[in-house]
């Protein structure tokens, strides 16, 4: 608990956008009940990016989906405390519907499967804009959709609205999804591995866009990733997750330059180094990384 | 698009032609003699020979086929032995009854099975869904002649609220429709359930939920929109199949449709009538199938007609 206490002590603002306290998530699986998330605590303030990094199955995505309450209600049991923009969304189950698509928005893992294939981009965008209450007529919603697509740097936005998801590339679709997420002027974005399904060259563009939007709007971001390169680029703080708990939490430089935990060192070693301010070209524990096939 | 249509129509006509030709040969290979059926068991050999000559059955099969083809292209399908009227006319007079029954049955099936399938998909792995599942399997397992006779016994004999046979009043439509619909509902609702359940688990649905789309819109616009092709195909092909005559149900309820007509035509070895029935129903089946295919691009923008594997 000392690590989470440290994280709590580092909380910047008095009223964070997202405050998670001792969140536990139990998943009902055919093999019994699995505690996927076992008491994690963190908070995100305005303009901050907090990253949860970990290997597959560490519980990082489950944490993000749990915060948004997008886990199947009959298969996931949540306990603890989660408040989004000051609203307690765990004790009041209906509260989540008033913050989803308004205060908080999701940027999904795989843009290729994240939009309904039989509805046009325009239809899905204007729907989100209408839900967010950002336009009171179809015409106004379309104009706003064009504006949003411009903001995510999509060329010729008006003609993109008529297209269907299968007519756009993965990188373009992720920009569309970011535009949809921005429809409601959210204060907080949950980005669940937003670049893992994309080409490396496209990844950088998407991350740049997220950082640009954050700078312009002061949005808080909860970033879920297994990629330390991504985490290092975007994060203010990093929580390293393993088996449902945070094994290490701290400032991005502290985690990257002076990892305290063996697991964090292995994670660092498993990622090819490509950053500017990483002088340690040789991985800290190369033999451990070689033996451990889990880090992909 | 025009090329596609011409190609499909050509294929369809070829299918119909081959079907009719196969039936022409097969009924002549099958046991039974139309002359005996026509003239009766007591007819003399001379009388039978005369009947055969009259119907052109004394000619070699290939020559009969040649005459049949010539007549076919002038729209003449011969004279029905038992009705002593143009065979095509006899079939077309029966068609509206079969169309009425098939339309009514498919509408009832769609109206019941789609909401039922959605209801089941929302309750996957619960006791209620298991109950509904058992009911639909029961519905699927009951033979339609048995269901028909049970319904007749219950609602035409014991509690006489509906007529037992024929189509004199609209009430006569109720029991045959229910008989057909029970089986169709059982089949289609389980298919709707499967499609909807897989779409409920699709990532795009979770992402749509994350932006505040209501559960109702998620169900009917998102999941149903993405289940439309298989559901529509199932309804369409079942409708096409029913146009060939719902034989057993039509016989049980003495329904004056194509199904009961074909039974009579087969019993009396009424070759022209059999051929005319097969021609009309095959044409209809091909046409309905074409209409289903033409509707695909409207239901799913990824489908491009005439381009294989583009979906």
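Positions of Cβ are set from backbone N, Cα and C atoms, glycine also.
Where the annotation comes from TrEMBL, it is an automatic prediction and has not been curated.
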Range annotated transmembrane segment in TrEMBL (choices B:219-238, B:239-258) is B:239-258
Examine the transmembrane segment (B:12-30) against the transmembrane segment (B:278-299) and state whether at least 3 Cβ pairs sit under 8 A, considering only residue pairs 6 or more apart. yes
So if I exclude everything within five residues of the ends of the transmembrane segment (B:97-121), which remaining residues of that chain have a CB under 8 angstroms from its CBs? That is, six or more out. 129, 132-133, 136, 167, 173, 176-178, 180-181, 184-185, 187-197, 200, 219, 223-224, 231, 235, 238-239, 242-243, 245-246, 249-250, 255-259
Sequence-remote partners of the transmembrane segment (B:142-162) [C-beta within less than 8 Å, at least six residues beyond its ends]: 171-172, 174-176, 178-180, 182-183, 246, 248-249, 251-253
